[in-house]
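Each remark here refers to the structure printed beneath this line.
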Amino acid sequence: MIRRLRRLTLFDVSLIIVFTALAAFMSLPIIFIFSNAFKPQSELFLFPPPFLVKNPTFRSFELLFFHAANSAVPFTRYLFNSILVAGMTLVSVIIVSTMAAFVLAKYAFHFKHLILALITLSLMFASETVAIPRYLIISGLGINNTYFGHILPAIASPVAVFMLVGFISQIPGELLDAARIDGASRFGIFTRMVLPLSIPAIATISIFTFQGVWGDVETSTLFMQEETMRTLAFYVNSLLSGLQNSVSGQNVAAASGLLMFIPNLIIFLLFQRKVLETMIHSGIK
């Protein structure tokens, strides 16, 4: 270990210092979210506001669960809906996106380039621009106020397909040809070779998909008229909207922000090692 340290040049040491400082700076918002959630009300209204909590308390969480306990729908129902929708959407996106990307990356057929162009074009549109067509389709299918109404709009993910096409294209065709010569079927090649080799890309789209679905308010607002079918993100958003002009609303906002952030942080920490490898192969910056 000592010999390795002696081989470091001044430039290497400078890079380590710079990137360590940058990492510390980038972690400040995360520290602030945790700190703010445990601040008493008096510290939330101090000027200038303290960055770190001085007298930690669980009062903000008590207020949050107090409002949740007095609502018509239990807090656990919103939480269950969010977990179920996020899990089922994540599995569906992985299955559909990997299959579509495998075909687009490794097979030649008519209109292939047109489909790829349409997928790339769809990345330029925000979800709000297609809100009305989505509503008409969901209503026409009659899946309002169902879990499928949550999941269906998110299944066709152009971001996931775009990333996976770039990643799967890097898999050598000779490797797949050798498996085909050995008698492997197309589905066998997909499940036994393409999927294991695409784990880094799958981990990356899992992070993006989970974050998008977990914080989604639009679907519950547009497609769900029954309160029992709405998600935790919608409940927290509506709760904050009703309390934003009150003093206690600041405590609830801090606590709910932390609760919504923790699952995203956990998912990212679980898959973070695979993200960089995906970016290298797919060219994402």
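Heads up, the Cβ atoms here are built off N, Cα and C, so glycines get one too.
Noted in TrEMBL for the protein shown:
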- 12-34: transmembrane segment (TRANSMEM)
- 78-102: transmembrane segment (TRANSMEM)
- 79-271: domain 'ABC transmembrane type-1' (DOMAIN)
- 114-135: transmembrane segment (TRANSMEM)
- 147-168: transmembrane segment (TRANSMEM)
- 189-214: transmembrane segment (TRANSMEM)
- 252-271: transmembrane segment (TRANSMEM)
Ranking 12-34, 78-102, 147-168, 189-214 by the number of C-beta pairs under 8 Å to the transmembrane segment (252-271), which range is first? 189-214
With CB pairs under 8 Å as the measure, which of the listed stretches 12-34, 78-102, 189-214 comes out on top against the transmembrane segment (147-168)? 78-102
What parts of the chain pack near the transmembrane segment (189-214), using Cβ distances under 8 Å and only residues at least 6 beyond its ends? 82, 85-86, 89-90, 93-94, 97-99, 102, 106, 154, 157, 159-160, 163-164, 167-168, 171, 175-176, 179-180, 233, 260, 263-264, 267-268, 271, 274-275, 277-279, 281-282
